[in-house]
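Visitor: Provided herewith is a single structure, encoded as C-alpha cells, for subsequent inquiry.
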Amino acid sequence: MTIAVGRVTKEENDLFDIMDDWLRRDRFVFVGWSGLLLFPCAYFALGGWFTGTTFVTSWYTHGLASSYLEGCNFLTAAVSTPANSLAHSLLLLWGPEAQGDFTRWCQLGGLWTFVALHGAFALIGFMLRQFELARSVQLRPYNAISFSGPIAVFVSVFLIYPLGQSGWFFAPSFGVAAIFRFILFFQGFHNWTLNPFHMMGVAGVLGAALLCAIHGATVENTLFEDGDGANTFRAFNPTQAEETYSMVTANRFWSQIFGVAFSNKRWLHFFMLFVPVTGLWMSAIGVVGLALNLRAYDFVSQEIRAAEDPEFETFYTKNILLNEGIRAWMAAQDQPHENLIFPEEVLPRGNAL
C-alpha cells in the first residue's frame, strides 16, 4: 500500500491569510503588519501636534501663548507639557482630570501626552516597518537596528526623563523655541555640556556628518565611466546601473592623506553606521542618568579656590556661575506657581564683577 504524505490544502483561506495577503501586497506605499501600528499612531501624533500648535493655548499650564491663533509663528508655537500639578497622569480624555471635556483636556495639556505616546509608538512602528520590509526582500536588518538610535533618544528625553522628575511638566514641549528652552534648562540644572555621555553624543553626530561628507566626496571623486564631460555635474549620470567607482584609487588617496585608510567596503560602511548610532545611544543613556539626577563632572577644588581667591577663575567656574544664573532666572519664570523670589544679593556674580 502506498501512502502519500503532503501538505493539506485549505479550500478557504482563514482571516489571517487574507489580511496577510492584503497587508503585504506589492503597492506604491507598502502597508504591512507594521503599518497597523505606524500609520494610525503617526497620523494621531502629527494631527495632535498640528491641532495644538494652531489652536491650543499654554496659558493654563505655563502662563504662555503657544499657538498660531494667539500670534505665535512656526518657531515659537508649541504643544506644551501638562501642568506641574498633574505629575505623571496619562491625562486620558475620559480620565478624572478632563472627564470627557475636550476643551478642558486641551487646557490641561492632554495633547502633549497624546502626541508623546503616539509619537513613540509611531517611531517603533517605523522601525518594525524596516524589519518587515528587510525580511520581505531578504536584506539584513541594519536599517532597523540603526533607527533604534533616534528611538532611544526620543524615549529617553520625552518619556524617561520626566518620569524620573516630578512630572511631564519638565519634559520638552513640542516646538522649536520650546526645545531650545529645554536645552538651556538641561545646561543650567544638569551641566549637560560637561556630561561625558553628551560629549560622546556630539562626537557621534558630528563625526557621522564628517564621515558622510568624506565618503560622498570620495565616491564622487573616484567615479569613472560616468560620461565624457570634463565637469562632474555635466557628466554624472544618477541612473547608471553598475557600480563604477574605484575603491583602490580611494584607498590610495586616503593612505597618502592620513597614512591609514579603509580597504574593505563592509568595514567602512559599518563604521559609518556605528559612529552615529553609538553616539545617539550614549546620549540616551546620559539622559536616563539625568532623569535620576546623577551628576557629571564636578571640579569642586576649582570652585573652592575661585570662591577664596578673587583672581582665580577658569572656564569651568565661569560656566558654573552661568548655570546658577540660568537656574535662578529660569526657575522663577518656568514655575510661577512656586512663587520663587530671589533677592538681588543672592543672584550669582562672577569674580570679574
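From the backbone N, Cα and C atoms, a Cβ is placed for every residue, glycine too.
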Visitor: Between the candidate ranges 41-61, 104-124, 167-187, where does Swiss-Prot place the transmembrane segment annotation?
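Guide: Here Swiss-Prot associates transmembrane segment with the stretch 41-61.
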Visitor: With Swiss-Prot as the source, identify the stretch among 208-228, 313-333 annotated transmembrane segment.
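Guide: Going through 208-228, 313-333 one by one, Swiss-Prot gives transmembrane segment for 208-228.
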Visitor: In Swiss-Prot, which of 125-141, 244-260 is tagged transmembrane segment?
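Guide: Transmembrane segment, as annotated by Swiss-Prot, spans 125-141.
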Visitor: Out of 41-61, 125-141, 208-228, 279-295, what stretch is closest in contact terms to the transmembrane segment (153-166), meaning most Cβ pairs under 8 angstroms?
Guide: 279-295
Visitor: What are the non-local neighbours of H198 (chlorophyll a PD2 binding site), defined as same-chain residues 6+ apart in sequence with CB under 8 A from its CB?
Guide: W192, S283, G286
Visitor: Specify the count of other C-beta atoms within 10 Å of the C-beta of F262 (plastoquinone binding site).
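Guide: Excluding its own Cβ, F262 (plastoquinone binding site) sees 19 Cβ atoms within 10 Å.
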Visitor: Which residues of the same chain, at least 6 past either end of the transmembrane segment (41-61), have a Cβ under 8 Å from a Cβ in it?
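Guide: Result: 67-70, 72, 77-83, 106-109, 111-112, 114-115, 118-119, 121-122, 125-126, 169, 173-175.
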Visitor: Using a Cβ-Cβ cut-off of under 8 Å, list the residues of the same chain that are 6+ residues beyond the ends of the transmembrane segment (279-295) and lie near it.
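Guide: Apart from its flanks, the transmembrane segment (279-295) reaches 148-150, 152-153, 155-157, 160-165, 186, 190-192, 195-198, 200-205, 207-208.
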Visitor: When you measure from the Cβ of H215 (plastoquinone binding site), which residues in the chain that are at least 6 apart have a Cβ under 8 Å away?
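Guide: Listed in sequence order: L268, M272.
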